[in-house]
Amino acid sequence: MSLFASLTDAAYALARPLVHATDGEAAHNLTLAALQPLPRARHALTSPMLATELAGLRFPNPVGLAPGFDKDARVAHAMPHFGFGFVEVGTLTPLPQEGNPRPRLFRLVEDRAIINRMGFNNGGQVAAAERIACLRRHGLPVPLGINIGANKDSADRIADYAKGTAAMAPLADYLTVNISSPNTPGLRALQDRGALEALLDGVAAAQPAGAAKPVFLKVAPDLEPADIDDIVAVALDRGLAAVIVSNTTVARPPLASRHAVEAGGLSGAPLAQLALQCVQDFRAASGGRLPLIAAGGIASAEQAWERIRAGASLVQVYSAMVFEGPGLASRIARGLETLAARDGFARVSDAVGAGA
């Protein structure tokens, strides 16, 4: 693990009781304020064993920052310091929106989980585009993904994704189409086959001429087998670069925290088994033809390795950092090297689907 990540982990361990005593959203905003002045990262954590290629992009290591942490692209420049091999910002909508009323973010400390009902709060694509353009001029040592969504009050949500593509694709290494948040009423209906086909056709038509960017699709974990089959069929037919499995769940396994009754999407440790099963289900449904990115409940190298062996080419983390500290990505990446060597793989990417 880098000295930078080690030092910040040590500082976070001291500050954790105070952080956990603070309102979750306020603590997050303080974290962003602390990260924003950091210098731009010039190097990424990588090695021949960790480097991974997907969708024509080179990822220095397979551990990425999930969207939601840096909604407005304010701290992407600093995140490679903490070991991330790629960074995904957003979700960004065409117009700024406040999101749902507060409180809307709850830490379930006893369960090592989070419930959120943020509702795509963000400053809009125009403001974020200015920051990302500046970042692009100075360079970033890892791929940058931009996660796009629809405004809550939009009269045409499919058109919102086309607008987002036109605005953000020129600045992105890849785009993620997020139709899986449970906190925007009706959004998950866009996972239905007909709606998904129309949405992806609109996204494709809005891509920059001659410079189309890879498109990833982020799906919910609360899907029936027939839904998975339909999504896989559409993804393969429309040439999607990958599917991200998965977003938060509306299901409620047994939880100890008093916040368990709060409405919203559940992430963190209780999501891990369901998210792993989703990777396995999408791998089986696609026959290994559709690249997958795993998210949901990953808090260790062992869990990341399990998702990779189940069929994921990359992994993303966010919620676990609240409990494990900012050096989590670095620890996972270095741990993946150890696990790959233990199991006889020359590269982590060689293990993708090895346990499927």
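Cβ coordinates come from backbone N, Cα and C, glycine included.
Per Swiss-Prot, FMN is bound by PRO67, GLY68, PHE69, ASP70, LYS71, THR91, ASN147, LYS218, SER246, GLY268, GLY297, TYR318, SER319; the candidate from ASN100, ASN116, ASN178 named for the same site is ASN178. For ARG117 (substrate binding site), the same-chain residues that are 6 or more apart in sequence and have a Cβ closer than 8 Å to its Cβ are ASN100, ARG104, LEU105, ASN183, GLU262, ALA263, GLY264, GLY265. When the recorded positions GLY119, ASN178, SER181, ASN247 are ranked by how far their Cα is from the Cα of ASN147 (FMN binding site), ASN178 comes first.
Here the recorded positions are ASN147, ASN178, SER181, ASN247, and the one whose Cβ sees the fewest other Cβ atoms within 10 Å is SER181. Cα of PHE69 (FMN binding site) to Cα of ASN178 (substrate binding site): a span of 15 Å.
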